[in-house]
Each structure stands twice: as structure tokens, then as C-alpha cells.
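Have a look at the structure below before the remarks.
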Ligand code: ATP
Ligand code: MG
């Protein structure tokens, strides 16, 4: 079967960088030339922006692919790079975290204060027996202690596994067991949607309710007091953070560890199947996190107020909340709660209050703000914003335009950044001040990154064609494996294009006439209608382009005549729901898609639903919708943000 994906939607809008922006931009076009001239020398130069206790002499060892080593004979301490070195350089008084709790409590934490806190936590962890290579599970809300915990683990050369605070006891247990964690760091709870959301009970349950399984590796549970709800207590195992950390010494000398010392395990969100324990190491990861955060976010650490809205339980929170911004010495906003608590303008209130200059968020958030209407952000002063970023899913051109016009005053450049838990840091993105941007396209590989779109046999498809996205060259922040499963690592990512040595990303993409990359959806989700391979992203973008539609998800369901048929699930804006019948809306939308992209893409069914199934990081889980569209029992829903949503959708479809 051909891997060509028929491309049907066109987009001609272009936005050149303003001369003022370009004049002050961190990135220059010269970076591409430098990387092109000598890729390894280029990455070595970026790595030297970090502090190395022992400088490296080798850059890349690719003698045993796909197992890469970067900067292998160098030694560094990741936490020292994020903290102590800024204090030693005189920036100790700079604010690292502008933290705001959901109830409105605030803390401003300087680099000097955060460094002290992390040293104390490191001393406590050492007392609890944590050493290099040990695994520590972190199950915390978005509070400063979460970042301090990650950095303290890193400081000791141990390995953190951050588990999203919304996951159940069950997911927690599988992840704790898979990693063999020695310590769990949690809190009594966190604030979500105006209420206390307890966390400790899930830890207690994960550790207690072990059936006939192994007794488990966890020796202690370190508990932050955040919400002051009653918690169960296991004497000898459980320890309060406030009983130990403030009392601990703030003297702690960061030891050097090899560049390839593991830094963290992070389980993917499970959009396409069972979560995988992605393993990242230290020197290469920190190099690419720091570099991309600086050039793609155009970060000026002395003057910018950066805000990446991702939870630390997601890779975006690791790379662009904890590691990138802190290694760059930036000031950033950290917010504990949900965007609509206590009012739907909360995010915009925070932008105004803290003078956020760079905002990095996900298309799902942007679409939900669109649904609520522009009046809400327009009540706030967003004039501090000068750059916008998007990550996590393709951003539909309509959402891109709304983001630029309503949040970015029609002037802020938007970077649409493509990357994965596996890639560790951004891989494809415009460079602000350099690239002319296009709504809906992620555009170009970052300097030093090798990307191609190929057919099933690994051949370049050429401009104007669709195919499979591959990464053609090893990169510093690449995953080093799947925890405990080297075979699945090779099988999942490397076997498909073994001859070429390409990494298979699992995403469909297209090159336009300029050679820019457009993402078309997961390869697993591509539909085949009467022999035409159709992109979920394109049809969803067409639907979102209709003024009645707030959100859309499209899947291919088996069909006797066409092989597969397009089935759409759409959320309609309230004002349109009130004024039109569901049948009328469905008919209008079928016709609309036919006009926008052609009869072949016209959905067989349009279901009007109230919600879509999403992962914790806001991605649509199309495989579950396919189950509904094909009348099957709905598959594994454990990584959904709201597990009840599927029964509601199934009922609405009937
Ligand atoms: P799993 O691998 O378990 O199914 P996941 O792929 O959703 O989970 P992540 O690593 O968080 O977990 O997501 C990476 C994926 O997100 C990419 O492979 C791609 O499909 C999508 N993605 C991320 N950023 C973009 C973007 N800017 N444009 C298009 N797609 C994106
Ligand atoms: Mg994935």
C-alpha cells in the first residue's frame, strides 16, 4: 500500500517577521549554515554553553546504532547547571519561579532560594538512602516543591519518574513497579477546579493494594503539605517534607556525573497504546533543552517572563518548565490550577499580572478558549506578550489565526513546535525573527536536526507530497531506550527503516512546495477511503474552520463500499446548538467539508457530541472514537483525562 497521503486543503497566508523583532532575535539564519557545515561541531558548541566539571572530548558515538552516546567522556551535574552556576554568576536575586496557587496564594522564588531548597532536599534524599541510579517517583501538583524534587533527584545522579497528579492508583502502581522506585515524593493534595484534590490516598493504595504481586521496592514516602486535608500515615515509611527539608543543611556540593548518566524515565501519554517508559540521559538532553528554549522561544533571560503551561507530568513540563528555562536562568510563571478557576479568564489574568512575554501552550487549550469567545481574553491587558508557541498536536489554521490575532495582538510570531517524549526537545519549529510563518505548518527542522518525509521504502517523497516523518540523524536529546525493554525500543522506532538508519516517528506529514513540513496526523489514524489516503488533521481543520464548530475529531471506520469511511465527532458552539437542529448541523457540516476539501473527504457520519476523549496532556484519543464508530466495545481508557467521557459519547452516538 502506498504511504502517500492525499493532500487536499490549501493555506496561503504568510507572516514575515517584523524588522523590530528580527533585530533583537536570539536566533539568526547563520545557525543553519553553522549546523550544516559541521553538525557535530555545532552541537559541541551548544553543549559548551553548559558547565562541565570534566569537559568532553568526544561528541557523538554512533558506533552501535540505535544506541547513541553524546559527549560520553564529559561529566556534569544537571542541577548545578540549573541553579548554582547562576548564583555563582551573580544572578542569585533573579526570580526563578513566579508561582501562583489555584486559590490565589503566591510565592516568588529567586535562584538563590531555589538553590538552597534543592540542596536541602538533596541532603534529605541522601539521608533516605537515595544514590546515583536509584529511581524516585514524583507524584505532585504544580507547586515549587515539584521542581525542587526533580532537581534534587538530578543533583544526586538519581533518576526521576514524574507521574501526572491526575493518574489513578493503578497507573501509579504500574509505573512505580516498572521503574522499581525506592522513594515516592507526593503531597497531601493539590487544588483543582476550586477543590482539594487528594494525592496521598492514591499513593497509599498503590503501595498497599498489591494483590499477589511483588512486595515492591518503595522504602519511603516523602509528603509535602499543601492542602492540609487528613491523610493516612504509615509510621516508619512516611515522612513529612516540612519536618525534614527546612531543618536540613543547605550545604551540598553537586558532584559530577557522566553525560550519559540517566536523568529521567517518563511514560508516554498512551494515545496509541500501552505507555512506554522513555529513558533520557543528562548531557545531550540538557544541551538540546537549553538550546531550543533559547533560540525557538527567543528567550532573553534577563528581561523575559516565560510561561509554559504544561504540567510537569508531561515531557513539555520537563523540558520547558524545569530544565530549559532554569538552565537558561530565566524567570517563569508556574500555575497550579485549571484555566477556568475561579473564572474563565484566569490564564489571561495571570498574563497581565506577571507581564508574561512568551506563552507556550497546546492547541487543545487554544480551541477551548476560542469556544468561550474572544471577549474573555479581551478583558485583560495582554500587551506584554511578544511570542507565542504551540505544542502537542497539529494546530489548525483557524486556531493559529485566533491565537495570533486575539492573544498575540495580530503581531506576535507563533512557533508551532513538533517533538515527542522520545525526542526530548523540539525538533521542528520556525525560528522567530528568521522564518516566515504559515498557519498550520510546523515548518522546518531546527538547526542540527535531520528530518525527512519518506515513502514506505524510505525514499524522500519530494515537495508537494505526503508520507511518513523520519529523523535521519541522531540528535543530542534523543531517547536512549525504553526502560527495561531494549527490544521494544528497536522494534517501535528503528526496525521500519533499518537500512537507512532512520528513526520512525509514527506521524504522517507532507512537504509543501517550499519544503516546509505539515503534520497530517498519526500514521495509525490515517484513513483509506476508496484508495485515497486522507489526513485526520486536514478534515478536522476544515471542520474547525466552520463558524459553528468548536472542536472536531475524525476517524476512519470500516465501510463495505469504500473500505473506510470518514466519521466525524464535533463539538458545536452553544449559540449554534440553540439555533439549529442536530440533523441540520450535521448535514451542513458534511456539505461544508465537501466544499472545502472535496467530495472524497465528506464525512459519512457527523456525530454531535459534548466532549471528546482526551489524554491528560489534552490530545484526542482517536482509537477510542474508532471503537465507537465501528460499534465495538471501547478499549483501554485508563490514560484519559476523564474516563466517564466515553460512555457519554457512546450514548450520544446511539
Ligand atoms: P503515545 O506515544 O503513547 O501514543 P503520545 O505520542 O501522545 O503518546 P507525546 O510524546 O506526548 O505522546 O506526543 C508526541 C506526539 O504529539 C507526536 O508524535 C505528534 O503526533 C504530536 N505532536 C506534538 N507536537 C506536534 C505539533 N506541533 N504538530 C503536530 N503534531 C504534534
Ligand atoms: Mg507517541
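Cβ from N, Cα, C; glycine included.
What TrEMBL says about a protein is an automatic prediction, not a curated fact.
Not measured: the values here are computed from a predicted model.
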Residue among 499, 507, 559 sharing the ATP site, where TrEMBL lists 392, 393, 394, 416, 417, 418, 419, 420, 421, 522, 533 as binders: 507
Proximal residue to residue 394 (ATP binding site) among binding-site residues 192, 194, 195 (C-alpha distance): 192
DSSP helix/strand/coil residue counts for the domain 'AMP-binding enzyme C-terminal' (538-619): 32 helix, 27 strand, 23 coil
Cβ atoms near residue 394 (ATP binding site) (within 10 Å, other residues, all chains): 26
When distances run from the Cα of residue 417 (ATP binding site) to each of the binding-site residues 193, 195, 316, 530, 549, the nearest one: 316
Maximum Cα-Cα separation in Å among residues 392, 393, 394, 416, 417, 418, 419, 420, 421, 507, 522, 533, which the record lists as binding ATP: 27
Cβ-Cβ distance under 8 Å to residue 544 (Mg(2+) binding site), same chain, at least six residues away: 367, 396, 398, 399, 550, 551, 552
Sparsest Cβ surroundings (other CB atoms within 10 Å) among the binding-site residues 194, 392: 194
